[in-house]
Structures are given as structure tokens and as C-alpha cells.
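Beneath this line is the structure, given in C-alpha cells, with notes to follow.
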Amino acid sequence: MSLTKIPQVVLNSSSNRCSMPVIAFGTAADTNKSSAETTKVAVIEAIKLGYTHFDTASVYGSEDALGEAIAEALQLGLIKSRGELFITSKLWVTDNFPHLVLPALQKSLQRLKLEYLDLYLIHWPISVKPGDWEIPYSEELITTFDLKGVWTAMEECQKLGLAKSIGVSNFTRKKLEDLLSFATIPPSVNQVEMNPAWNQKKLREFCEAKGIIITAFSPLGAKGASWGSNEVMDSEILKEIAQAHGRTIAQVSLRWLYEKGVTIAVKSYNKERMKQNLEIFDWSLTREDHEKIDQIKQIRVNNGPVVFFDNLWDGET
Ligand code: NAP
């Protein structure tokens, strides 16, 4: 079987300037619709198709299944060594305290059965009192987020070799500016919602100028997930462009992200769709396509794990 060769980007502030594959296989699935076994089977299938970058987080509950799939892929000889894979995981908001960062990373590594992560991200720029609360959290559970203390602990994780690179997720320009004012290791990545219906124009320009790679999550608008919408997959504009190229709406959306110079985390546990989502590198969109996509109505869908918290986006739309 011929594997799709996925392009890579260099992470400037990682140890040894690591390369990151531009497409990650997402593993956030609604738990009521997906079991650990489904995740494991999907990851093994994904490795067979050529995916090498896997995106997980402690809150997704997918670390154990991903770890088992990696172990099985090694056993089956689908990969020769763990080094062929790029694994991203994330620090959850109830661990967003300086003294909890290293223990949280160690727990993630244990669940993944790995010695190091390729990338460790602060999942959201908020701290929620430690505990097993129901999500979305009520506002009373939010407490002060010590960004400097947490980032210093993240830097320590990279220095210890437990994470080859570190970054953030769901950070606005203002929060990145705060972080860059004291970071000794700047964040390699900011993983944020981005798709044709939420194009992150200003954040993209800012991150490009600062050498921070954007990873687009919910690149298809997460249709079908509790945190998603139909804005992308039901877009008439994207449908028209897809028909003109003999492609699917998903492929147009993913290709558009790639041409915007960002990296992507996309989730499908369906073999045909997994394959389709990799077939975006040997064709391109036209300038007219880009102009049409720029007309799509903009709407952010994912407002984070808190019932209401207006501090999250710093007034940015
Ligand atoms: P997404 O990738 O935009 O959409 C996933 C949905 O689209 C699934 O229902 C999937 O169903 C369907 N799908 C996938 N490929 C398709 C195709 N070619 N045609 C039609 N439908 C398709 O949404 P997401 O899961 O929210 O985002 C991707 C990953 O980003 C997550 O899994 C997670 O790893 C990460 N993420 C990060 C954050 C964060 O805060 N940092 C937030 C959300 C997500 P099937 O599985 O049935 O194909």
C-alpha cells in the first residue's frame, strides 16, 4: 500500500528543531458515540494510511486507547519505532497550576505508555479549581490563571525532555503577547478553532510574525460533535467550489487551511473519510476560490469549557 507523504513544518523553539506533520489525526470524539476500542481501531487504520501525527488531550479520554494503538502498531511492524510518530497532548484546566503541570504530563505519558511527547499544549488559558466537576464548568469554579508560573513549568517539561516542544491552545493575540513578554522558550504552536467559517485572519497574521505555528482544530466545523456546527459542511459556497474541482467540501476546507499556511487537526474514524482527508496535496484552489471563501459568514462555535466567561476572548471577535 502506498502511504500518503504528509508535508512537515519546523517548530523553531522545540528541542532540536523538531518537524511536525501538517495534518494531525484528531481523537476528540463524543464519548457517548465512541468507545476506546473504536479509537484504537481508528488509530491503527490511520497509521496504515500514512497519518503520523496524533492529537489527544487528557480531557478527551483517548490517551489510553492511543497508547494501546501505538504499542500494537509497533508490535505489528506498521512502524519501526515510536520516533516515526508525532504525539501532541494537552494540559487540562483543572491542572492549570504551576505545581500540577509536571504531574499532569507524567500521567498523560503513563496513559500513552510513552517516554516523551512531541508537543505539550496548555489547553485553555483559564484555571478551574482542581476536581472532577461536570463540564461545562460554572463560573464560580474559575480561579486565577498564573500564566507565568504555568509556562515556567511547561518550559521545565521541555528542558527535562518529557516534551520536545511546548505550546498553547485557544490563546488570543493579547494572551500570546503577555506570554511572549516573559517566555524563555516561546510557544511553538497555538492550536485554535479555524475553518472557512472562522478564518482567524488577525491571529494568523500575528502568529506568522512571531514564528508561532497555528494548528486549526475543528477544520470541518466539527459537524456532528456537541461542540460543532454545520456552517462548514453545509456551506453552499464550499459546495460549489468542491463540485468545480471534483472534490468534497471537507477536502476544499482542508486544502484552504493548508494554503493559508496553517497546520490541521482533523478527526474521522471512518476509513474512507480518513483517506479522503489526506488527499489534499496534489491540487490547488484558485484565487477566485479564495475570494469566494472570504465571503463566508464568520462565526466562532467553540466557546470553551465554561458556561459563560467573557474574559476568554479579550473582546476579540
Ligand atoms: P472536525 O475534524 O472539524 O470534524 C469532525 C467531524 O467531521 C466528525 O463528526 C467526522 O465524522 C466528520 N468528518 C471528518 N472527515 C469528514 C469528511 N471527509 N467528510 C464528512 N465528514 C467528515 O472537528 P473536531 O474533532 O472538533 O477537530 C479535530 C480535532 O481537533 C479533534 O479531534 C481534537 O483532536 C482537536 N480539537 C482541539 C480543541 C482544542 O481546544 N484544542 C477543540 C476541539 C478539537 P466521522 O468520524 O464519522 O468521519
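Any Cβ shown, glycine's included, is placed from N, Cα and C.
Features as listed in TrEMBL:
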ACT_SITE  Tyr60  active site, proton donor
BINDING   His123  substrate binding site
DOMAIN    23-296  domain 'NADP-dependent oxidoreductase'
SITE      Lys90  site 'Lowers pKa of active site Tyr'
When neighbour density is defined as the number of other C-beta atoms within 10 angstroms of a residue's C-beta, which of the recorded positions Lys90, His123 has the lowest density? His123
Any same-chain residues 6+ apart from Tyr60 (active site, proton donor) with CB under 8 Å of its CB? Would you list them in sequence order, or say none? Thr27, Ala28, Ala29
DSSP-derived class (H/G/I helix, E/B strand, else coil) of Lys90 (site 'Lowers pKa of active site Tyr'): strand
His123 (substrate binding site) versus Lys90 (site 'Lowers pKa of active site Tyr') - Cα distance in angstrom: 5
In the three-state scheme derived from DSSP, which category covers the residue listed as 'substrate binding site'? coil
